[in-house]
Amino acid sequence: MDKNIINQIISFLKLKKEEQVIEIGPGLGALTIPVSKLLKKLTVIEIDKELCKKMENNHNFNNVIIFNENAINFNLFKIKKSRNSLFRIFGNLPYNVSIPIIFSLFKHHNDIQDMHFMLQKEVVLRLVATLGSKFYNRLTVISQFYFNIKILKNISPNSFKPIPKVDSCFVSFKKKNDNLHSKYDINTLSFITKVAFNQRRKTICNSLSSLFPKKKLIKLGINPLLRAQNLSISQYCLLSKYLNF
């Protein structure tokens, strides 16, 4: 990765020495080494055994705690943290599994302060999508239910070696303070959005007919002729609240 990009990423993180920081997918350590020098301790999660061995044998990783595990299934409670502290998570996520990793981290939202990731631009456009756009989908709703998401930098393929075939973005996930997650059941919300967006071309009175009669949608103040991409996060929350009664 280009050194200028590395320096910019580190500046975006605004790290403090005592913070509980986790890196997912450190790879060869392009970010790991400079970041670890700013911290008392850095925890990394890496699925590749050979890369983990290289890190273990590298003197630059003396203050790095290594977990040779799959980030998708990783339980953050394995990492010891001080009381009242929150995890700060960053990484250059493998593009083919970035969405499952992000969804798995949402389960730990109460223990996370913020997240910063390098992601494929196609995924990022869905994360930051606005209501009614072609990129607005289930990932948008669930992600923005928990976090405010912002593109910090668009990154050219030429910044990497080998050069990838896709554009990338570095994005921040800042936890929302509206406590929506404490008012609504995420499992119900996840289920409803999955059903709705699996048939996004249909109106919701058709795609959600097995869950909500047309009269109930009208009573809830939701136009039954809307499509999945035209329902706001608050409207999906309203539907999930009704379904839980």
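Heads up, residue numbers simply count up from 1 along the chain you see.
Positions of Cβ are set from backbone N, Cα and C atoms, glycine also.
Automatic prediction, not curation, is the source of TrEMBL annotations.
Feature annotations, reproduced from TrEMBL:
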type	residues	note
BINDING	MET1, GLY25, GLU46, ASN92	S-adenosyl-L-methionine binding site
DOMAIN	5-177	domain 'Ribosomal RNA adenine methylase transferase N-terminal'
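Locations of recorded TrEMBL features on the structure.
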{"residue": "MET1", "record": "S-adenosyl-L-methionine binding site", "Cβ neighbours (10 Å)": "16"}
{"residue": "GLY25", "record": "S-adenosyl-L-methionine binding site", "Cβ neighbours (10 Å)": "23"}
{"residue": "GLU46", "record": "S-adenosyl-L-methionine binding site", "Cβ neighbours (10 Å)": "24"}
{"residue": "ASN92", "record": "S-adenosyl-L-methionine binding site", "Cβ neighbours (10 Å)": "21"}
Where does ASN92 (S-adenosyl-L-methionine binding site) sit in DSSP terms: helix, strand, or coil?
strand
